[in-house]
Amino acid sequence: MNKLKSSKEKSASEHLETKSASSGFENELSAEERTECLERLRRALGAEGLDECACVVCDRLGLRQESRRVEDVDVTYLKKMKRSLYVETANLPNTLVEQYRCPSCLSDLSGLMVSPRGINTYTDDNNYSRAWLSVCRECDRSIQRGRLPKFAIANGFFMGRLPHKHRDLTVPERLMTQLTNVVAMTRVMRGGHHRCIRSHCIAFDCTPGPPVTLLPLPLEDVVSYRVVLVGHFTAAQLEQVHKMHRIRNGAVQDLFAFYKINNHLYAEIAESDPAENSEYTDADLEAAFVEYVPDDEGSIDGEIDREQQNI
């Protein structure tokens with residue numbers, strides 16, 4: 001009897017081992033289930049799942065699949081937005097109000113300050129101007145409750161747009177005209193004869209120093225920015241790196257003048273004559289910001305690639 005029982009147990013054990021060896025898993029997915037899982041993964045990590053959009057209420061970027069799409073015919077929701085987002089704009093600069101003004105096709109939201117980046121306009125089959133809005137999850141919850149969203153443009157979280165001539169400023173030029181800096185940055189750059197320039201920027205929190213009383217800052221006072229060049233660069237790549245980190249006196253002076261006129265926080269900041277009148281050459285910039293790291297064997301380059309893959 002014991003021999004018979006032992007024989008059956010051995011047979012069952014061999015059957016399970018054979019089944020496990022053939023399938024690899026005890027609960028292996030079917031072909032249809034594997035296809036469905038891969039499709040879900042594709043949607044989550046592909047263009048559809050990672051597509052971003054700006055919220056019309058707070059102007060913050062978020063995943064489109066996590067945002068609410070509001071059509072211009074959804075009058076009930078638009079009325080809720082009108083009640084929650086209306087604020088007095090008489091004391092705000094006209095240029096700022098115009099920047100956040102609704103298009104004419106959204107007459108139900110006239111008078112509100114909303115982000116144009118969160119509004120998508122199109123022309124329908126009857127040649128009428130139509131629109132739909134993107135609202136992030138957090139702002140949507142507040143609007144549904146009849147409350148002003150915490151980070152709404154209408155709640156004072158607006159930011160004026162820089163003129164086009166100031167939009168190509170380099171990081172050092174911006175650092176020279178900032179009142180405070182709470183982030184220290186290290187930019188690791190790599191090049192080579194057979195590849196384009198690659199850059200990885202690392203940001204660190206840093207304690208703000210004493211309040212700024214003079215602007216622009218002298219070059220030697222910008223200590224929170226560092227550029228590390230790893231390995232070999234071609235002459236054209238080095239020229240491009242210099243261009244990315246150049247300091248143009250005229251651009252710095254124009255930006256500082258713009259801030260003085262349009263930002264009340266700059267009203268009491270005096271001009272720094274040495275910084276205004278100095279000339280910064282590529283050699284000056286390299287001495288202040290740039291560090292060259294030889295990497296003949298490519299070990300540092302490979303390590304950076306592995307770290308970026310992990311991120």
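The backbone N, Cα and C atoms fix where each Cβ goes, and this holds for glycine too.
Features as listed in TrEMBL:
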- 1-18: compositional bias 'Basic and acidic residues' (COMPBIAS)
- 1-27: region 'Disordered' (REGION)
- 145-270: domain 'DUF6570' (DOMAIN)
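The average pLDDT computed for the domain 'DUF6570' (145-270) is 85. Residue counts for the domain 'DUF6570' (145-270) under DSSP, split into helix (H, G, I), strand (E, B) and coil, are 41 helix, 25 strand, 60 coil.
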